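Participant: Attaching a single structure in structure tokens format; questions to follow.
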Amino acid sequence: MRKFYTSESVSEGHPDKLADFISDSILDEFLRQEPTSRVAVETLVTTGMAVVAGEVRAITAHVDVQKTVRDAVMKVGYTRANYGFDAEYSAVLVSIHEQSPEIAEGVDHSEEWRGMSEAERALPENAYSLVGAGDQGLMFGYATDETPELMPLPISLAHQLTRRLAELRKNGTLPYLRPDAKAQVTVVRDGDVHDASETLVDTIVISTQHGEDVTQEQIRQDMLKHVIQAVIPAEYLTPDTKYFINPSGRFVIGGPHGDTGLTGRKIIVDTYGGAVPHGGGAFSGKDPTKVDRSAAYYARYIAKNIVAAGLARRALVEVAYAIGRAHPVSLRVDTYGTGTVSDERLAQLVEAHFDARPQAIIAQLDLQRPIYAQTAAYGHFGRPEFPWEQTDRAEALRQAAQG
């Protein structure tokens, strides 16, 4: 039976992604000045205005939030007042206050740590038990061997399309392009086979903001030639592949002037494109003590090492936390029947080879650095520049599974 799988991506100029980029740019500036800063910042962008609100705890950092916002908007490409939103003239309203002392205490000193004697605290196994999770919740990480980066094919292709649109806009190849854009890819497969070699692209949708003077026919021709054919491997395309290019027609009004944007509204774009469950927590604007972000990264790290080790073709890792506690309350591995050992055995291996306490995650992946603005568009996963994409524990896992 044929099955269809669809994922979408949005460009850095999409209003929700712009909001994510602003929030992560502010986070990065705090971490640049003070790596232990606690940050939870949300952004709203709309016609002529950006609003930044949230909670921060920092002792030495003094961030010029207004300047950081305007610099972020400039980088994305909203540089003209006639866009209805721009870096120079749009208002920037800031309402940032101190992190709740009750939350801070639960993170600073975990429930486990508070219950230990001084002698217990000095034990090596408790070195990473000081910091508690910044919230409760469940997080998922996933990897699949259907692409070289171990990501689902539909979201991988969708991100490549939006990246290509941004490239053509910035290098001047298609000067009529504007920052706001979306792409969507539907693939078709036989049954539950997750194999790129047995996959075809059924439908591609591209909606891109554009200037006043270009025709829709010109846009269609350029999207087919310079974007789709340049990105999608020919073996995935057939004479029956459907292309919907700006299917709503004219798309001159875009970005925050066309739609209000908010931090955290593209969580499926940020992760696996709907291929697996999502715990619901957004990433952007949050420092790594927030397990919504850091534990999702770590779960991807675990899943990717499982697949890279050849222990499964697909791996889903679920981890859950209680606020103020260091140790996860649960950890689950699901390989969808593709594992070379049982899922229960894999979970045991994960617990032996990975430490999912928040402080341990931060140390292992070196997360208290200004690396987050670059995550805000085109997905947080499948990109080798990020530390959670390493497969440095694959060999140890493989050997342990054979023992």
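Every residue gets a Cβ built from N, Cα and C, even glycine.
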Participant: Of 99-109, 209-219, 385-395, which span is tagged region 'Flexible loop' by Swiss-Prot?
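Facilitator: Matching range for region 'Flexible loop': 99-109.
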Participant: Look up Glu55 (L-methionine binding site) in the DSSP assignment and report helix, strand or coil.
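Facilitator: In three-state terms, Glu55 (L-methionine binding site) counts as strand.
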Participant: Give the three-state DSSP assignment (helix, strand or coil) for Lys286 (ATP binding site).
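Facilitator: Where Lys286 (ATP binding site) sits, the three-state DSSP reduction gives strand.
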Participant: With Asp259 (ATP binding site) as the reference Cα, tell me which of the binding-site residues Asp16, Glu55, Lys290 is the closest one.
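Facilitator: The smallest Cα gap between Asp259 (ATP binding site) and any of the binding-site residues is with Asp16.
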Participant: What is the separation, in Å, between the Cα atoms of Ala181 (ATP binding site) and Asp16 (Mg(2+) binding site)?
Facilitator: 11
